[in-house]
Amino acid sequence: MTTYNTDHLIIGFGKGGKTLAKTLASKGENVILVEQSAKMYGGTCINIGCIPTKKLKHLAEQGSEFHTAILQKNELIGKLNQANFEMIDKVATVITGKADFIDAHTVQVTTDSDTHTITAKHIYINTGAKSPIPNIDGIHSTQGIYDSTGIMNLAKKPDTLVIVGSGYIGLEFASIFTQFGVKVTVLDLITECLPREDRDVAEALQKIMENQGITFKFNQSVQAFKNVDNQVVIQTEETELKADAVLIATGRVANTDFNPKNAGIELGERGFVKVNKHLQTSQPHIYAMGDVAGSPQFTYMSLDDFRVVKSHLLGDGSYTTENRTFPYTVFTNPPLSVAGLSENAAKMQGINVKTATLSANAIPKAKIIQQTEGVLKAVINADNNKVIGAQLLCAESHEMINFMDLAIRQGMSASDIANYIFTHPTMSESLNDLFGQF
C-alpha cells in the first residue's frame, strides 16, 4: 500500500478536471489526478463522446467505408488520449485506478497492482456520466444491443439499426448511421420529436430526417428483446421489429460510484452531486464539476465549471454558475443549433415575444454548397426589440450559433443584427435577412 498527502486530489480526467490540474500545478501546488481507466485519459469528449462521433460524421459525409472510418476514428482518439496523459503527467501525479472515499479527506484508489491511500486538503469530482441500462426484459441476454460507446466500435456495419431514444444522442447516431447507408428506425415512449424545442423547428428536423430514410415511431414502449436468426427482435406494446443492431440512447446518469456517503457528500433527487453556485458539495472542501454535478452535459460546460472553481479557489469567487447561458448543437444533417429561449419557453416566462423564420433555401451560401434544407428562427422581446433566442436548423449552424449566443448575452437588438456587416457568401449573412423581418 502506498500513502500520499496532497494539496489537491482530482477524481476524473474530464475537461474540467484536467484543466484544473494544469492550472493548480502551474501555481506550484501538489496535484494528484485519478482516472479509473487508461482508455479515458482526456475524458468522455475525446474518447467516447464529441470527438469520435464527429469524426465518424465527417467520414460518413466524405463517403468513407464503415470499417475504415472506425479505424480512422480509433487512430485519432488514440493520439488524443496519449497526448492528454502526457500533458498532465508532466505536471501532476496520474494514478490509474478505482477511487472510493474513505472519509471526507481520504480516498482509496485500487489499481491493477496496488492500493493507494490519498489524503487531500481539497478534492474535486469530475467523474462524468454513464449510459443507464433500462429495465427491459432480455436486455442483458440478447446479443447485438449496444450503448453509445459500443455502437462506435462495431466490427461490421449493420444493415438495419433500431435506436431506442429520440433525444440528442439518438438523433445524432441516426444521422451518422444513415449516412453510412444503414436503415435506421427510432423508437421512443414520448409522443413527439425534441419536446424541448419549438414545434415548428422540431417538426422541420423530423421531416428532413424522414426524407433521408429514417423512420420514427413515437409512443412506443419497448417490452422485451430477444435474438432470432442472428438479429435482435424488439417487442413493443403494439408491434415487433427486427434489426441487426440496437442502440440504447435513453439518456445519461451521473457516475457516482465512488462511495460519496463515506465523505458526507449529498446527492440530489436525480442522482447528481448536490452543489452550490461555486460548485462546492455539502463538504465545502470538495467540489464537483461537469456531468456528475448536474451541469448541462457538454464538454464546454465542464470547462466553464473549471472557471467557476478557479474563481472560488484563486480569485474573488464572483464567477459562478448563476444565470449562465450557453448554446448547444444537435449534430444531425443539417445540424440544429440553439441559443437563448425558445418561443414557447419565453411565453411561459410571461415575455411578450415576436418571432421570424427564414428558409435555408433562401441563403446564397446554402445554394452554393447544395445544402438548402432547414429553417432559421429568431425570437425577440417585443417590448424592447432585444434578441432573446435563436434556433438555427441549417448547414454550418454550429458555427453561427456562437455569434447568436454572444448577441443575446450582450443585449443586442434585432436591428443591430439586421444591420451587421457579415462577409459574403456565408451562412452567417442570413441573419441580416432573418432579423430584418422585425
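Placement of Cβ uses the backbone N, Cα and C atoms for every residue, glycine included.
Whatever TrEMBL says is automated annotation, not expert-curated.
Per TrEMBL, the NAD(+) site holds Gly165, Ser166, Gly167, Tyr168, Ile169, Gly170, Leu171, Glu172; the candidate it also names there, chosen from Gly78, Gly97, Gly213, Gly251, is Gly251.
When the candidates Cys45, Cys193 are compared with TrEMBL, only one is recorded as disulfide-bonded to Cys50, and it is Cys45. Among the recorded positions Cys45, Cys50, Ile169, Leu171, the residue whose Cβ has the fewest other Cβ atoms within 10 Å is Cys50. Sitting within 8 Å of the Cβ centre of Gly165, Ser166, Gly167, Tyr168, Ile169, Gly170, Leu171, Glu172, Gly251, and not among those site residues for NAD(+), are the Cβ atoms of Ile163, Phe173, Ala249. Fewest other C-beta atoms within 10 Å: among the binding-site residues Gly165, Gly167, Gly251, that description fits Gly251. Just so you know, of the recorded positions Lys54, His424, the Cβ with the fewest other Cβ atoms around it within 10 Å is the one at His424. The recorded positions recorded for this entry are Cys50, Asp291, His424, and the Cα of Cys50 lies nearest to that of Ile169 (NAD(+) binding site).
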